[in-house]
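Okay, structure first, notes after.
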Amino acid sequence: MAGNRTFTMIKPDAFEAGNSGAILKMIEEAGFKIVAMKATRLTPELAGKFYEVHKERPFYKDLCAYMSSGPIIAAILEKDNAVEDFRNLIGATNPANAAEGTIRKIFAKSIEANAVHGSDSDENAAIEGNFYFSQLERVL
Ligand code: CMP
C-alpha cells in the first residue's frame, strides 16, 4: 500500500524569485497537509550528502553548488498516495517536458534549477524527511 507522506524542497531559484508562497498555495490546494516545514540553507557538503545517490552523475558537482547557493524551504507533506500524487503535481524533472499546470512547468528555470524536489519513493520520503527534521519536529 502506498504511504501517506512525502518530502519536498522549494529550491534556491524558486525561493530567490519569491515563488515560495505561490508554490505552497498550489501544494495545499492539491490536498497536501504540511506536517513539518522550515526555511534553511544547505552547505555544499550537506547538499552532497542529501544527493549522494547521484554522486556518479555528471551533474552532481553543479547540483551541490546550486543547492547550496541560497535559502530553501524543506517540508514533509501528508496526503493519501503522497509520493505519486506529489510527483504528478510537480511534473517532469526537466521543465521542458513537464505537463501544463504543473509546478515545474510554471516556476522552473532549467533541468537543474527546477523549482522543487519531490521524493521518488516512500522509503526515500522517510530518509529525506529525517535528514531535515528531528523527531521533535515531526510531531504532527
Ligand atoms: P531532483 O528531483 O531534486 O533530483 C535530482 C536533481 O538533480 C534534479 O531534481 C535536478 O535539480 C538535478 N538534475 C537532474 N538531472 C539533471 C541533469 N541532467 N542536469 C542537471 N541537473 C539535473
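Cβ coordinates are placed from backbone N, Cα and C, and glycine is handled just like the others.
Summarising the annotation, TrEMBL assigns domain 'Nucleoside diphosphate kinase-like' to 3-140. For the domain 'Nucleoside diphosphate kinase-like' (3-140), the number of residues in each DSSP class (helix H, G, I; strand E, B; coil) is 65 helix, 24 strand, 49 coil.
Sequence annotations record features per position, and here TrEMBL assigns ATP binding site to LYS11, PHE59, ARG87, THR93, ARG104, ASN114. Within the same chain, residues at least six positions away from LYS11 (ATP binding site) with a Cβ under 8 Å of its Cβ are TYR66, MET67, ILE72, ALA113, ASN114, ALA115, VAL116, HIS117.
Taken from TrEMBL, the feature active site, pros-phosphohistidine intermediate covers HIS117. In this view, HIS117 (active site, pros-phosphohistidine intermediate) is surrounded by 19 other Cβ atoms within 10 Å of its Cβ, with every protein chain counted.
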Residues LYS11, PHE59, ARG87, THR93, ARG104, ASN114 binding ATP per the record - widest CA separation, whole Å: 21
Distant-in-sequence Cβ neighbours of ARG87 (ATP binding site), under 8 Å, six or more positions away: GLY118, ASP120
Nonlocal neighbours by CB distance (under 8 Å) for PHE59 (ATP binding site), same chain, sequence gap 6 or more: GLU112
